[in-house]
Amino acid sequence: MYADYMTSFRENMKDFLDAGVIVDIEVGLGPAGEMRYPSYPQSHGWSFPGIGEFICYDKYLQADFKAAAAAVGHPEWEFPNDAGQYNDTPERTQFFRDNGTYLSEKGRFFLAWYSNNLIKHGDRILDEANKVFLGYKVQLAIKISGIHWWYKVPSHAAELTAGYYNLHDRDGYRTIARMLKRHRASINFTCAEMRDSEQSSQAMSAPEELVQQVLSAGWREGLNVACENALPRYDPTAYNTILRNARPHGINQSGPPEHKLFGFTYLRLSNQLVEGQNYVNFKTFVDRMHANLPRDPYVDPMAPLPRSGPEISIEMILQAAQPKLQPFPFQEHTDLPVGPTGGMGGQAEGPTCGMSGQVKGPTGGMGGQAEDPTSGMGGELPATM
């Protein structure tokens, strides 16, 4: 079904693909197009900052888990029955509380099985996408959800229910990046505008640390990494946070920055964006994303998409989980800020910092409804970022 849908898209959009208008194919792998389980659906009563629920109770996954447990000598193991409900906090559950059962042998086995199935799902679908778009000048991409709530608690409860097996001693995002590497696919992450100080202390939220971990995981695996903002923002503080994440070490006068975003999606095109100071700030932000350099129309960063690399085992993918390395250092502030008046700052010496970009608007969207506070929907308009 996935392959048929993508083939139909390719055939109907062939003129745009051939002309280089479409250069990025973001493959939807779950709710809101994100690679995750539907663990926190608002339509089923979830509200922020609930931990969500494990979504694996259909007969097929139950049979798969029982077979996996039997293979390691524990046919008696069942799914967790102490992980709470959608709107619980970690400490209200036996599974996610400090020193909870998520740390037991059975708990670790379940979490590995749960997250491994998500990784294998993404690997299979991306392999089909690669076959469909083979030879076209496009970048395959997936979106990872920015689950920043409960990041500061040891269990990372909301991440675990979504399928991201991420703990203080285990990198749940680099394993995904390792899988993406064989498909030469990029990561698109969200929360790029968020600061820890803006979040509710009750949610134990840490979007800045989360962004730095995910971006670093992608860069360590040699991937192109892209971002978007989670919520509409028009103020310099949000723009400057995005700019800091776009170039963690600032501009480089002698060549491309060692780490930089490959692209950025801005949410969203609206009447409010193009009014007064908001529009001034946005135009300055776009200039800053290009390090105040003009767009080079002769730069074509896209090469024809090659075939995915050889299949790699889940055991090799999981080698990326440990040891969990510290993120690359990020500057506290961007060196090319958007000021309150929209004034221009410094400039790099050459075309070293450009990135692709797009603006999402309120119309023309495809797909299902976003079910979380980190995901934007809508059509896409080309932008020169």
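Along the chain as shown, residues are numbered 1 onward.
A Cβ is built for glycine as well, from the same backbone N, Cα and C atoms used for every other residue.
The active site, proton donor annotation in TrEMBL covers Glu34. Here the Cβ of Glu34 (active site, proton donor) has 26 other Cβ atoms within 10 Å, regardless of which shown protein chain they belong to.
Secondary structure from DSSP puts Glu228 (active site, proton acceptor) in a beta strand. The active site, proton acceptor annotation in TrEMBL covers Glu228.
Positions annotated as region 'Disordered' by TrEMBL: 362-385.
Using a 10 Å radius centred on the Cβ of Glu228 (active site, proton acceptor) and all shown protein chains, the other Cβ atoms total 25.
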